[in-house]
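Participant: Sending over a structure as structure tokens; questions will come in a sec.
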Amino acid sequence: MSWFVLALIAAFLFGATNFIDRFLVEKRIPDPFFVSIIGGIAAVVGGFVVMLINGIPAIGWVGATTLLIGGLAAELALVPWYKAIKQDDTSRVVPYLQLIPVVVLGLSYVLLDEQLTRNQLIGFALIIAGGVSLAIERSPKELFRIRKSFWYILISIMLWAPVVVLFKMVAIEQDFWDAIVWEAIGMGMGAIMLWLYAKTKVVEELRAMTVGTWGVVGVNEAAYIAARVLQFSAVMVGPAALVSVVGGIQPLFALIVGLLFSKWFPQIIKEDIKKETVLLKLVAIVIVFAGIVTMNM
């Protein structure tokens with residue numbers, strides 16, 4: 001299978017998990033902390049299944065510690081993510097995620113003294129412009145203001161961006177599946193921290209969860225792991241820059257899925273599908289995608 005098809009399917013699956021996340025926090029598990037804890041538990045279960053199939057992960061203590069820290073950060077990043085999609089349309093929030101490569105390159109410039117090219121700077125500007133155009137809303141007391149969901153997703157991105165770097169750094173040198181297991185353990189540690197912080201009655205709430213909700217959580221975790229496997233495989237067999245560009249169509253998938261569900265299945269997902277809103281989202285997505293292409297030229 002070509003790297004393009006792998007990257008395309010990965011982008012679609014990532015988009016699907018975004019909407020499943022929205023469904024969970026809106027219809028089944030309204031508490032962002034508890035649904036994040038559930039995500040950590042699901043990650044640990046998924047990691048255990050991988051370990052049963054692939055064997056005990058053999059990674060040195062440096063790599064293991066790196067992945068544990070990455071998994072911990074990934075788990076903490078779930079809380080502001082769920083807060084964001086609970087407050088706003090998924091198709092409006094997903095384009096914000098394209099700021100992750102901007103943050104990654106920015107961190108590389110500051111911490112690793114890497115030089116940024118002119119195209120990367122232009123791409124930065126386009127991606128930020130597209131994201132900000134979605135983040136602005138009118139206010140009766142002010143000319144405009146930044147939507148609260150943008151600040152939540154910005155916190156999530158700042159936590160998630162280093163995770164991307166840490167995982168790739170270890171997974172490329174070691175085994176992908178071993179890296180998945182250690183990262184999952186880190187997410188489990190993060191889930192325990194969230195439980196202690198939020199003082200959520202986890203046991204009681206776990207017992208109250210229906211089989212259907214567990215099924216949705218399981219499908220979501222399976223789709224997420226599959227998307228990561230496909231994306232990683234695409235990077236291994238194709239140009240990383242072009243894989244990143246293909247991944248940039250994820251916001252377009254989110255917009256299409258949001259429109260279809262809002263039109264035909266509003267009882268599952270309901271978004272703002274007024275013409276002016278859809279047009280704004282589409283223009284912003286095009287600007288963001290242009291930024292991704294420019295940044296990888």
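Yeah, the Cβs are placed from backbone N, Cα and C, and that goes for glycine too.
Automated prediction, rather than curation, is the source of TrEMBL annotations.
Sharing the features that TrEMBL gives for it:
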DOMAIN    2-130  domain 'EamA'
TRANSMEM  6-25  transmembrane segment
TRANSMEM  32-53  transmembrane segment
TRANSMEM  59-81  transmembrane segment
TRANSMEM  93-112  transmembrane segment
TRANSMEM  118-137  transmembrane segment
TRANSMEM  149-167  transmembrane segment
TRANSMEM  179-198  transmembrane segment
TRANSMEM  210-230  transmembrane segment
TRANSMEM  242-266  transmembrane segment
TRANSMEM  278-295  transmembrane segment
Participant: Please tell me whether the transmembrane segment (59-81) and the transmembrane segment (149-167) touch - that is, whether there are at least 3 C-beta pairs under 8 Å between them, with each pair 6 or more apart in sequence.
Facilitator: yes
Participant: Reported in the order helix, strand, coil, what are the DSSP residue counts of the domain 'EamA' (2-130)?
Facilitator: 111 helix, 0 strand, 18 coil
Participant: Could you tell me what the rest of the chain brings near the transmembrane segment (32-53), counting residues at least six beyond its ends with Cβ under 8 Å?
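Facilitator: Same-chain contacts beyond the ends: 24-25, 71, 75, 78-79, 82-83, 86, 177, 180-185, 187-188, 190-192, 194-195, 197-198, 200, 202, 205, 209, 217-218, 220-222, 225.
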Participant: Does the transmembrane segment (6-25) reach the transmembrane segment (210-230) with at least 3 CB pairs under 8 A, where each pair is 6 or more residues apart?
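Facilitator: Answer yes: the transmembrane segment (6-25) meets the transmembrane segment (210-230) with 3 or more Cβ pairs below 8 Å.
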Participant: If we skip the immediate neighbours and take only residues 6+ beyond the ends of the transmembrane segment (210-230), which ones have a Cβ under 8 Å from one of its Cβ atoms?
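Facilitator: Distal contacts: 6-7, 9-11, 13-14, 16-17, 20-21, 23-24, 28-29, 38-39, 42-43, 45-46, 176, 180.
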Participant: Give residue numbers and ranges for long-range contacts of the transmembrane segment (118-137): same chain, 6 or more residues beyond its ends, CB-CB under 8 A.
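Facilitator: Long-range Cβ neighbours of the transmembrane segment (118-137): 92, 95-96, 98-99, 101-102, 105-106, 144-147, 149-150, 280-281, 283-288, 290-297.
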